[in-house]
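J.: Take a look at this one; I'll ask things after.
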Amino acid sequence: MTKEVCSNIGLWLLLTLLIGNYVVNLEASHHVYKRLTQSTNTKSPSVNQPYRTGFHFQPPKNWMNDPNGPMIYKGIYHLFYQWNPKGAVWGNIVWAHSTSTDLINWDPHPPAIFPSAPFDINGCWSGSATILPNGKPVILYTGIDPKNQQVQNIAEPKNLSDPYLREWKKSPLNPLMAPDAVNGINASSFRDPTTAWLGQDKKWRVIIGSKIHRRGLAITYTSKDFLKWEKSPEPLHYDDGSGMWECPDFFPVTRFGSNGVETSSFGEPNEILKHVLKISLDDTKHDYYTIGTYDRVKDKFVPDNGFKMDGTAPRYDYGKYYASKTFFDSAKNRRILWGWTNESSSVEDDVEKGWSGIQTIPRKIWLDRSGKQLIQWPVREVERLRTKQVKNLRNKVLKSGSRLEVYGVTAAQADVEVLFKVRDLEKADVIEPSWTDPQLICSKMNVSVKSGLGPFGLMVLASKNLEEYTSVYFRIFKARQNSNKYVVLMCSDQSRSSLKEDNDKTTYGAFVDINPHQPLSLRALIDHSVVESFGGKGRACITSRVYPKLAIGKSSHLFAFNYGYQSVDVLNLNAWSMNSAQIS
């Protein structure tokens, strides 16, 4: 550890002590209460840490939630995040700050933004970074004022020559945007400003999540100088009945290829670009997106046919995943997606272990060639952690009811890629017309239920005798009798993940838009208490949190399996043990 990093940690701890003396407690639901209760935990984390991850981002201790303001500046990646310096539960929120040169290994810095003025004295909530045309980064974030109103503030670096951006200052003009009697904004539901974009009229635009009664909406503000903002008469988009829109994100994607697009770009001509509007629904705690067209004249987002911005929209991730945020990586011409994964353990367990929350591995995100969905894939940099590759698992036949153990890999901290080939598609069961909810299907037809084709996939974090395991698998159905159209279902079944009873063991599911006549790919990033699964080369993603009692460390096992009636071929299986990332 460098002298500079040690100094940073010292400053971080000093600020933590100072901050802890006056920051108020807030509840995790984002409600602010006049009478606050003690919800902090000051004891040291438990020495026994079987569930702490090896290569996912998480601070040394305490609560973490939303990723904030990710960006690249002078070749350095920055990740800010919502952090409680006083305990492993939500409250006392500040903007913690870490930097990296590769998105995998991270060094900490003192908190960048913390309550210090009337416009944020009751909390510094989520926001985003924008790189101005002169290369200067600025942050817009939500502050909680003395009246517990949500207002929007700006902060900028004190020293632009510092690539680590270790010190930030707040504008005396704050708050820049606030609810009042004229604009009629809901003062308790006005938060999480996006990265701003520059229109062709040279005005900046930013959207902020809000609601009016049950109408969720993205309020638009415009500005000529990034300091004086004016509310637009109409929102960028809204939906009646969806409830509060948190952590909105709005960005362009190219229709051709996987390269990213700068947020203010409109393409030449505009037809080569589409736009993505993503929201985090407070009611469901899931992230949804729609693909559509941005009307630059009316400042309106128009979803493509088949898309609706509500709970029926496609999701980034069908598991434990929320409050996501993208940024354009100008160094590698890609768009990167961050997302927060909360715990599935009890609050008491979180307090005992001394921490709560991780960030998923950053993902490259782009538009599928069909134009109907987004593709996600872990950034290439994570592959540098691969070691001890298991090879030559090719052309294996998995007969009905069989398992194939993968030896020679550290199964509790691994990266696995497998390619399946299905035989006899005509043997698939017919899906019931009422089966429209993939999670419900996966829950009712868990891994022990046989069907014509499936379940087949991977058993991860498994104990030797299968008292515990998490299964990630496919099933294939016919769309209807005598049909040559098929439905591919992907499940992540946590029901047998732990002998411990008080964990959330929800089973997750997603339909995968792929052709089952072609090989089916499945990738799993396994990291002690988290499993990130990518089906169909990133067309469906499911993140799970699990806490085995037996299948920990060297006692964890990995299997490929087929419990369907028909045989399945493993065309190729590669597995790697993963080194730990350097995350301080």
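Keep in mind that glycine also has a Cβ here, set from the backbone N, Cα and C atoms.
The feature active site is assigned by Swiss-Prot to D66. Feature annotation from Swiss-Prot assigns substrate binding site to W63, M64, N65, D66, Q82, W90, W125, S126, R191, D192, E246, D282. Residues annotated as disulfide bond in Swiss-Prot: C442-C491. Swiss-Prot lists N159, N186, N342, N446 with the feature N-linked glycosylation site. Taken from Swiss-Prot, the feature signal peptide covers 1-28, and the record attributes it to sequence analysis.
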J.: Applying a 10 Å Cβ distance cut-off over all chains shown, what neighbour count does C491 (disulfide bond) have?
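T.: By my count, 28.
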J.: The record lists W63, M64, N65, D66, Q82, W90, W125, S126, R191, D192, E246, D282 as binding substrate. What's the largest Cα to Cα distance among them, in Å, rounded to a whole number?
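T.: Maximum Cα-Cα distance: 20 Å.
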J.: Under a three-state reading of DSSP, tell me whether C442 (disulfide bond) is helix, strand or coil.
T.: helix
J.: Please work out which residue of W63, W125 has the most C-beta neighbours within 10 angstroms of its C-beta, and give that one of the binding-site residues.
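T.: Ranked by Cβ atoms within 10 Å, first place goes to W63.
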J.: Using DSSP reduced to three states, classify W125 (substrate binding site) as helix, strand or coil.
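T.: Where W125 (substrate binding site) sits, the three-state DSSP reduction gives strand.
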J.: Check each residue in the chain of Q82 (substrate binding site) that is at least six apart in sequence and keep those whose C-beta is under 8 Å from its C-beta; list them in sequence order.
T.: M64, N65, D66, N68, I93, V94, W95, A96, W125, S126
J.: So if I draw a 10 Å sphere around the Cβ of C442 (disulfide bond), how many other Cβ atoms end up inside it?
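T.: For C442 (disulfide bond), the count of other Cβ atoms within 10 Å is 27.
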J.: Counting distance between Cα atoms, which of the recorded positions N159, N342, C491 is nearest R191 (substrate binding site)?
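T.: Answer for the nearest of the recorded positions: N342.
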J.: Given the recorded positions W63, N342, C491, which lie within 10 A of N446 (N-linked glycosylation site) by CA-CA distance?
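T.: The recorded positions passing the 10 Å Cα test are C491.
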J.: Just to verify: the residue among N65, N159, N186, N342, N446 with the fewest other Cβ atoms within 10 Å, which of the recorded positions is it?
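T.: Selected from the recorded positions N65, N159, N186, N342, N446 on minimum Cβ neighbours within 10 Å: N159.
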J.: When the Cα of N186 (N-linked glycosylation site) is compared with the Cα of each of the recorded positions E246, N342, C442, C491, which one is closest?
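T.: Smallest Cα separation from N186 (N-linked glycosylation site) among E246, N342, C442, C491: E246.
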